[in-house]
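As annotated by Swiss-Prot, transmembrane segment applies to 11-31, 55-75, 95-115, 132-152. Residues or ranges marked as site 'Determines ion selectivity' by Swiss-Prot on the basis of similarity to another entry: ASP93.
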Amino acid sequence: MAGLWRAYQRLLGAHPWKVQIVTAGSLVGVGDVISQQLLERKGLKGHSIERTVKMMGIGFCFVGPVVGGWYKILDRIIPGSGKPVALKKMLLDQVAFAPCFLGCFLSIASALNGLSGEQIWGKLKRDYKDALITNYYIWPAVQVANFYFIPLYHRLAVVQFVAIIWNSYLSWKANKS
């Protein structure tokens, strides 16, 4: 396991942006598998590989680049370290970024599932508030720890490992009828 971590560290050092994006996409896919198998209990025969691929695509093309880029911007807006800085970053993340990100995520997943603009709007009206409230139960504490203890280039990976559970929830929320 330590050897895998060292290899990941080397790759991250050589290609930080690419590795962060691949990590995010892969872990969004893992979250979807968990959603389908544990939350929805679809079994192997009922598992939608197409859905998992779509969710991974969202991870590669949206989650990885957007969240990774956001962390870089956040470090420029609020430079430094320490508890007060971590708290400020968490507050800005949760007040400004999380609501927009969540709405975009649900909209993109719905569009990839073939919903019309009107249907996407209905889904957002039905599911967005609940998803945002659930976000606030989980992410403030995670983000304070992330911003206080974790270096910039590891933040996306740390968040995505914690987010395996969150991604399972989001996949379920985004794909339920």
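Glycine is treated like the rest: Cβ placed from N, Cα and C.
Long-range neighbours of the transmembrane segment (132-152) within the same chain, counting only residues 6 or more positions beyond its ends whose Cβ lies under 8 Å from a Cβ of the stretch, are 71-72, 74-75, 81-83, 85-87, 89-90, 93-94, 98-99, 102, 158-159, 162, 165-166, 169. Here the transmembrane segment (55-75) has Cβ contacts under 8 Å with residues 17, 20-29, 31-32, 89, 92-93, 97, 101, 104-105, 108-109, 112, 147, 152, 155-156, 159-160, 167, 171, 174 of the same chain, all six or more residues outside its ends. Beyond the ends of the transmembrane segment (11-31), by six or more residues, the same chain brings 52-53, 55-61, 63-65, 67-68, 153-154, 156-157, 160-161, 163-168, 170-171 to within a C-beta distance below 8 angstroms of the stretch. Cβ-based neighbour count (10 Å, all protein chains) for ASP93 (site 'Determines ion selectivity') stands at 22. With a cut-off of 8 Å between Cβ atoms, the residues of this chain six or more beyond the transmembrane segment (95-115) that come close are 54-55, 57-58, 62-63, 66-67, 70, 74, 123-124, 127-128, 131-132, 135, 139, 170-171, 173-175.
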